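TrEMBL has this to say about the protein:
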ACT_SITE  ASP517  active site
BINDING   ARG477, THR489, ASP517, GLU566, GLU588  N-acyl-D-mannosamine binding site
BINDING   HIS569, CYS579, CYS581, CYS586  Zn(2+) binding site
DOMAIN    36-374  domain 'UDP-N-acetylglucosamine 2-epimerase'
Amino acid sequence: KWLKENNHTWVCVATCNRADYSKLAPIMFGIKAHPDEFELEVVVLGSHLIDDYGNTFRMIEQDDFDIGSKLHTIVRGEDEAAMVESVGLALVKLPDVLQRLRPDILVVHGDRFDALALATAAALMNIRILHLEGGEVSGTIDDSIRHAISKLAHYHACCTRRAEQHLIAMCEDHSRILLAGCPSYDKLLSSHHREDYMDIIKSWLGDKVQEGDYIVALQHPVTTDIQHSIKIYGLMLDALLSFNKRTLILFPNIDAGSKEMVRVMRKKGIEQHPNFRAVKHIPFEQFIQLVSHAGCMIGNSSCGVREAGAFGTPVINLGSRQTGRETGENVLHVRDADTHNKIYHALELQFGKRYPCSKIYGDGNAVPRILKFLRTINLDVPLQKTFCFPPVKDCISQDIDHILETQSALAVDLGGTNLRVAIVCMRGNIVKKYTQPNPKTFEERMNLLLKMCTDALRDAVCLNCRVLGVGVSTGGRVNPQEGVVLHSTNLIQEWSSVDLRTPISDALHLPVWVDNDGNCAALAERKFGHGKGVENFVTVITGTGIGGGIIHHNELVHGSTFCAAELGHIMVSLEGPECSCGSHGCIEAYASGMALQREAKRLHDADLLKVEGMDMKVSEPITAAHLINAAKLGNSKADAVLNKAATALGVGIINILHIVNPSLVILSGVLASYYLAPVQHIISERALFSVRGIKVVTSDLEEPALLGAASMVLDYATRRIY
């Protein structure tokens, strides 16, 4: 009660074993360093309290943390049933502890069965849960446990962009996911260059050992295939005996099969062998030094694929326990480690090498991010687990008609002039297209849109096309998560703060995706065009306006307020012509069709546009095409306008190259072919040397907006199981 009145956030950190404490300890120190904001309670359970595993709760006390509760929750046994009983025992004991502590937030880590018990108890007792390192993949039963904890947790702090994407794919709330990095990297990156590292190495391996001339071995049982993992463990020990290098070997985790692995180790005399030092626990700060300066690390510990990469230490990963994990080039995988010779050969290949350091799992700033994240959690709002489900309303059972039909999308392009609807099949072929003038009012536009979509759905049945959903491409700024047009361009009237998804989905009973035309052009290139198979590229649309989309690591970049890739509004001059956005000097004010038309009218009004050979009628509207034609026929003033436009576009693209550094730029739209050569020339003259060779091409797609709208449906709706 006193804590609540003083606006402290009461954080309970629960740790189960030596490995998860290495990840949780930096956060605990961070919380403890802010007593004016947080109160820390520590709960210890699992193998921390078992003598066979070093009674590692003592190192928590040595770190000057007060342990509020110690729960003996491990049921000793040789099989999987013991793990199940341990979960049950923890669930029996935890309610009393959590009822007494009443924390605001419970922090749990990883994929251990102890953590599953913690998350289950807290979720049922309406306690907020922050899960660390969710979304990762390892290919064993640990995945099931990790993802189960993620589904119970209310908040997530993950280590990598891929893990973040996995959580989003699992329908976790985007706003409750923090890409923090691994907390252990905070200590790891700041302290692994200790001057006393040789003293630490010698204290564990003896005075005669040299830096880089020893091996660290750490192998755990794989509970989905215990006998095979025990076999691999025996083969690893045989290979290490043959390799004849000083080896520091740690006891395995307390999982089913761990006792049998220890028996194998003792049967081979490892604890008495002069080349081996077998230990139950090493303090994390010292373990960092040992791994950092080792000649090689071998086994299946996550430390090998995570922490070791930060030092460039060569690693041999045995078996399937880490399948699916993101790894650096320092890791050599021996997934089918079924012979002594394979493992021995891997040791020959890896021992003594050094690799470039990689920071896949963190940059050393995870704890400040997590503390900031904790501060943003509103404790006054009633607790409710939230999800972000894709907009799929109906689940349709599979039948033979669905299998025989062509899977297709209904694509909509809302342009400034026309409203277009098309049936697009999986290969990107437009089966049928419908075009109508875009009405000026919202009500007329929506009525026409729904009628055209209904007509297209009716025709799709006759064409044997199974429509999976509706993709909408529209001008303006769009929130694709909600399917709402936030703000429209001047070309489309009454088109701001418009919910497109709901009325279309309600009328057609189909899932609906919405994005702006520039992003859709990039999506079209990614699925059907030059961007297929390219991880990082930019699409620039050169038409009435200037727009585009950015694909980074195979994902479309939207930005925090859905304003990314507004390429037409990159400013290339502080005092240039006025742009439609209200600013001055934007690319669009120089290089768009509207800008060229404006300059063509200016020259025409001054009687400076028409030259010999131009066929112009008196009443004919002046367009950008007249300007281009005049330049081709030798009009120097028209040519100067076009050169300035091409320069503005080229400089804008150079800015993109310097900021995003894509491997490909795709020019799309009616002016693309004209701008290609000038833009390539400007890049070759003005860009930094390292980006001058980046490829610039024109799009081959005739309907990028429609194909991009269709790709949103075809990329996501086809992942459903019918």
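Any Cβ shown, glycine's included, is placed from N, Cα and C.
Please treat TrEMBL annotations as automatic predictions, because they have not gone through curation.
Taking the features listed in TrEMBL, we show where each one sits on the structure.
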residue : record                            : DSSP class
ARG477  : N-acyl-D-mannosamine binding site : strand
ASP517  : active site                       : helix
GLU566  : N-acyl-D-mannosamine binding site : coil
CYS579  : Zn(2+) binding site               : coil
CYS586  : Zn(2+) binding site               : strand
Pick out which of the binding-site residues CYS579, CYS581, CYS586 has the most other Cβ atoms within 10 Å of its own Cβ.
CYS586
List the recorded positions among ARG477, ASP517, GLU588 whose C-alpha is within 10 Å of the C-alpha of HIS569 (Zn(2+) binding site), in sequence order, or say none.
GLU588
Can you tell which of ASP517, GLU566 has the least company, meaning the fewest other C-beta atoms within 10 angstroms of its C-beta, among these recorded positions?
GLU566
Integer Cα-Cα distance in angstrom, CYS579 (Zn(2+) binding site) to ASP517 (active site):
19
Sequence gap of 6 or more, Cβ distance under 8 Å: name the residues on the same chain that satisfy this around GLU588 (N-acyl-D-mannosamine binding site), in order along the sequence.
GLY545, ILE546, GLY568, HIS569, CYS579, SER580, CYS581, MET594, ALA595
In sequence order, which residues at least six apart in the same chain have a CB under 8 Å from the CB of ARG477 (N-acyl-D-mannosamine binding site)?
VAL485, LEU486, HIS487, ASN516, PHE562, CYS563, GLU566
Taken over the domain 'UDP-N-acetylglucosamine 2-epimerase' (36-374), the model's mean pLDDT:
91
Apart from HIS569, CYS579, CYS581, CYS586, which residues in this chain have a Cβ no more than 8 Å from the mean position of the Cβ atoms of those residues at the Zn(2+) site?
GLY568, MET571, SER580, GLY582, SER583, ILE587, GLU588, ALA589
Rounded to the nearest angstrom, how far is the Cα of CYS586 (Zn(2+) binding site) from the Cα of the residue listed as 'active site'?
19
Once the chains shown are all counted, how many other Cβ atoms turn up within 10 Å of the Cβ of HIS569 (Zn(2+) binding site)?
20
